[in-house]
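Taken from Swiss-Prot as is:
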- 210: active site (ACT_SITE)
- 234: active site (ACT_SITE)
- 306: active site (ACT_SITE)
- 309: active site (ACT_SITE)
- 332: active site (ACT_SITE)
- 341: active site, O-(3'-phospho-DNA)-tyrosine intermediate (ACT_SITE)
- 16-121: domain 'Core-binding (CB)' (DOMAIN)
- 169-354: domain 'Tyr recombinase' (DOMAIN)
């Protein structure tokens, strides 16, 4: 989604929200949370408050009128009723074949509400220096996580990674094989963005940065001589990230056409650009997700940009056997989250079994 459109949709949602949601928004913007994250949270609050109105928990007629006391007095049974509403809501739609909203979706909704309740009960201060209220009902609401061993998760993810020579083969496929299948009209569109698309995918595969970190890169953040980029990690922390050498020619090729192809001016600081009606804009995360899905599905299997992050992490662990190094590359404070990659790279375990 283009930044201008994203901000427009955020403003539209904010216009309907209660005052305490607007305070929450400003507080998280200062952290800073990304506009994309805040937009997703606002959508979750909109869904929750619409349910509050429909359920009769409040006498308010509009979302903006829902008093803070409604959240303060929300019971565990009320919140469980909301979860059931989410789970059963698709059944009301005659056009759906699903039995209910996925648990992942429900967990995402509850995560947004947990963030709001933590802010209201712990982080915000009134004139007396106290939170607005103390009772956090979200601490009593259980969430169900998908039960899966690390080994099982690793095996599932492994099928969607481009390991070994497949990393370079994927880039070469986009460059030379993919365009052979296109119509003249589609080929024209592909050629316009070919260098940019290859540069984005090469960077994701060569650095393991998150999608949000990649799209928010500015020109000043790129050092091709040292092959290092500066990114803003979760929580607003700045970090220097090394980039594998194989990405350099793709990044250089994109830079060579960036100004002329996308009509970029000195004021256009974004590294990765898109052009809409002759005006350059920072490319948005949604466009990159669609682009990665399109190319990867045609090559082997449809994947997300996050799977490209997993690809880099797995290849790096395979080469170094160092969880500390992988954690540092990914921007994680702990090596616990990198345990997954030790299970993906399990040749030693398989070799041991073969000897039995």
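The backbone N, Cα and C atoms fix where each Cβ goes, and this holds for glycine too.
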Other CB atoms, at most 10 A from the CB of residue 341 (active site, O-(3'-phospho-DNA)-tyrosine intermediate): 23
Distance [Cα-Cα, Å, rounded] between residue 306 (active site) and residue 210 (active site): 7
Packing count at residue 234 (active site) (other Cβ atoms within 10 Å of its Cβ): 14
Secondary structure composition of the domain 'Core-binding (CB)' (16-121) [DSSP: H/G/I, E/B, coil]: 76 helix, 0 strand, 30 coil
In sequence order, the active-site residues (210, 234, 332, 341) whose C-alpha falls within 10 A of residue 309 (active site): 210
Rounded distance in angstrom between the Cα atoms of residue 341 (active site, O-(3'-phospho-DNA)-tyrosine intermediate) and residue 332 (active site): 14
Residue among active-site residues 306, 309 with least C-beta crowding, 10 angstrom cut-off: 306
For the domain 'Core-binding (CB)' (16-121), the mean pLDDT of the predicted model: 87
Cβ contacts of residue 332 (active site) (under 8 Å, same chain, 6 or more positions away): 338
Spatial separation of residue 210 (active site) from residue 234 (active site) - C-alpha basis, Å: 9
